[in-house]
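Report on one structure; see the data block that follows.
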Amino acid sequence: MSSLTCTKLTIFTVAGVIIQAIGLSLFVYGFFPVKPALSGFSGPESFRAPTCNSVHNQSERDLPPDQLKSLYQEQSGIPPFDRLVLMVIDGLPAEFVLGKDDRPPSKALMDAMPYTQSLLANGMAIGYHAKAAPPTVTMPRLKAMVSGAIGGFLDVAFNFNTQALLDDNLLGQLFRIGWKMVMFGDETWLKLFPGLFMRHDGVSSFFVKDTVQVDQNVSRHLGDELRRDDWDLMILHYLGLDHVGHIGGRNSILMVPKLLEMDTVVKTIHTSVIANQQNDQGQTLLVVVSDHGMTGNGNHGGSSDEETDSLALFIGLGNHVSDYALYTLNTVYQVDIAPTLALLFGVPIPKNNVGVLISGTSGSFTDDQQLKALELNSWQLLRLLQAQLPGLSCEISPCDGFSDDQECRKSKCSGNMENMICCLYWKAAVLHSSWRSKDVSRSYSREDYSGIVAAYYEFLKTASEWLSRRVTDKPANLLSFGVAAMLLSCLILLSLIFSICKEVYIREMQQCFDSIYSMHTWSLDETFILGVILILVISMGSSSMVEEEQYIWHFVTSTLNLLLLRKTMQSLPVEKLRSLFRLYKGNKKIAFQMCSIFVLIISGRTLRGWHQGGVNWTYLPNISKWLLKAGSNYIKFIQLVSGLLMISLCLFALSLSGSRRKIIRVVRFSFLVLGLLVLQHIMKYQDNTFVSSSCSATLSVQIIFAGLGIATIGTFMALPWLMPSCITKMDSSHHSFMSASVPIEIQNKYPLLELRNSLYVIGWAYMFCWCLLQLLLQQPINSLPMLLLLVQILASMIYSSYSGVHHKQWVEIAALYYLGMAGHFGLGNSNTLATIDVAGAFIGMSSYSTLLSGILMFIITYASPNLFLLSMVMYISVKDTSYLVIPEKADSGHLLKNMLAFPCLIPLGVNSILLTAYTITLLLMRNHLFVWSVFSPNLKSTARWRWLFGDGLVVVSESVGDGLMVVSGSVGDGGDGDKMGCGGFGFAWRGYGGCGFGFAGVGVGVMGGCC
């Protein structure tokens, strides 16, 4: 079979990547469908018992607002409240107000909200831990509170581009009875309910640097609005506390002042409209809620207890209960807020609600009114169940065969879900009917009443849990087609890798290398590399291993480094191992390799202990927590020292390029200036809890962004043209093997050493730019881990440059990939949304931009994997592949294939295997209990990384392809043959990356969008 040409290799690779992208898109579209919702809205029929053939009275639905309000009040029989103040404190954990695990909040937190604590202590407020469903981000949580429905997991993506809420919801019901509404705060409300508010002032929820003005814009309207009487619903959505958390975490020095500010708002509202209200003035209810909690570092989005612990505080119900603990330790679900408010304000419960009336909020109701509220809630859930379970009988009571209600009360409901739900409903309904007949004769007892309440809640909670857990129907055909496409893509990429390996093997055999390194046998490190992929595929079936994936990567990299050390030592005679001095003096290459492996092991272990990632053991001590406790001065010192060492290391590496031309000096000077600007910015504006949002700080960052973009792109564009055409003696001696193995005519036509010099400098420019960006954007505590990642790259390059032809190239590239993934978790990332650093995505931005902040967020999150991908450019420059050159086929396409095939195909192949295996796992486990809380977030993380992965390959292939075309064209006509057909190889990758030269030019993009 003829060998692959560069053109064929490019076509097949791009085809495989496109097929994979199509398959992944189809799978994601099928796996994350929008949850089905009943169309329309609840009307007067909500106050009547459901029947199988119920018919809506359209004339009642079309009544004017005042008449519809009177009809609702007459049919419900429950006296409603007249006004509602809904105060949303974004990101407030319930434990800040109510405590945790039978313990009250700490003294500092109680002192931060003294008025709210006094309301709870005096029984004038009732507080609940309202458990939120994942994803714990704002938009889906607001929808849950006003509609009572649990949205689809893709709402986390829609959170950045909110669309109008078309499903039945509480605000729509209130609007239909003529309520006037005002809203101040998070503009998400304006996007969810366009045109609904007669007055509003929205603020952006994503500009997290603002912790002061964002709340002042809300509170400045408060005094005037409280004096007005032309509104019925006022929504106040405060974002400052959530922003404080993103910037400094739960223990930020700004947290207590922010809680005091929120407590003042509660006091102002309560004293103005609730404390002194008279019966003839109507009843106003203040509800203080939070959309989600936050982790220790202030992030959210996952399903941990800290993130799902939101607050529901009712002030003005008039319960006057003195048992503080009774009303601060109750746990409800966030979706329970919607039916509770609907019943308190006399409107139908939203059609798709799965929540339950919160026990304790109806304490001011009479017994008959409370049972009526539970009955209305039961009717609504029964209608929803009938829509979800077409076979559910709604007319035959399982209690018809019993002689009295006592036998019905003692009966046990069992069987399939339809029978059990119907049995529980009719059990409560029959008991309620019996109680009504006893109520006429006043022969009922409190025990009878309690039994009816318990029966209703048994049905309500069973129905609610089933509806909440109900697995959304997924189109199996679409999922299967997506998996099949990814399997096909995986086979294409693996076939290409196998073909390239075969060509390399044949060429190495023709070179007659030493039989000790025969290709017939597999070494231990090669077997381990493949075994790692098998370990990762198997671990995907365990939810715990998905949550704690970082342990696999740390184990893999440590073990692989030990195996490489063993292999290196085995290549030495025994007598040389007895003395380190003799080892260094006799064989410097082996000594350098061993030292580089020791550096990898030590730095890897430090990264492993820096952050305690994952989900289940985040409470364990680690280096970063110890430094945070030590204080901000220590962290800033470490950050500055790490920055200085990072700059020094990069400048030293650039000095090793072997060229003394002015262009190299210009590159070194440019990055030196930019590095000093970064350090100056850190010293002047940055600390461990807060990044100044002043204009000068923003301008400083924008200048650095622009400078990094110009310097990096300028190096990439200019260096291949300006590098000297002659090769220095240092280059010739260092690459003596290549010079001897490649015919002189090929060296003259395609100056490979000149190309390697260019790629070496360009590769370091990429990494220098990336590290300076991370030093600027990452949390200050991550500055030393970024330095360690750079040290690992340098050590890996030293090892690869001295490994010779006897170490397989695909093993070294896979090892780099593994180091990148271990570094990803070493920076504190995990497979949950909660570890995404939102605060850093707004550094250098004077106004909010979804695109630019999204780019910065991805740069921060995937710092390590993309750093190691960018290092592939330098790896190509230091790894000698000239022995693979076939003189009779030596054109630019052939040389380009030899340099780029493994660096691009190996990461693509590993990614393809892991992504395909994970989609198959999800297909098999789509009904798993943790499919939304564990597996789905990891799929999103994996998919994002796979897409962004293409950008790194764009940079690698563009740099090598363009460099070869320039240097070959500078000495001749550039050759023909496969050169034009290959198209520079790098350009073909643009179809996958989609962003072109995005990473190197990110500074220019951010600068242009922010100025």
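Placement of Cβ uses the backbone N, Cα and C atoms for every residue, glycine included.
Curation does not apply to TrEMBL; its annotations are automatic.
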Feature transmembrane segment in TrEMBL, mapped to one of the ranges 109-127, 451-469, 527-545: 527-545
Range annotated as transmembrane segment in TrEMBL, from 866-885, 906-925: 906-925
Range from 12-32, 666-683, 759-777, 906-925 with most C-beta pairs under 8 A to the transmembrane segment (478-501): 12-32
Cβ-based contact of the transmembrane segment (809-827) with the transmembrane segment (839-860), 3 or more pairs under 8 Å: no
Result, the transmembrane segment (666-683) in contact with the transmembrane segment (590-607) (3+ CB pairs under 8 Å): no
For the domain 'GPI ethanolamine phosphate transferase 2 C-terminal' (521-657), the number of residues DSSP places in helix, strand and coil: 110 helix, 0 strand, 27 coil
Per-residue pLDDT averaged over the domain 'GPI ethanolamine phosphate transferase 2 C-terminal' (772-948), given as an integer: 79
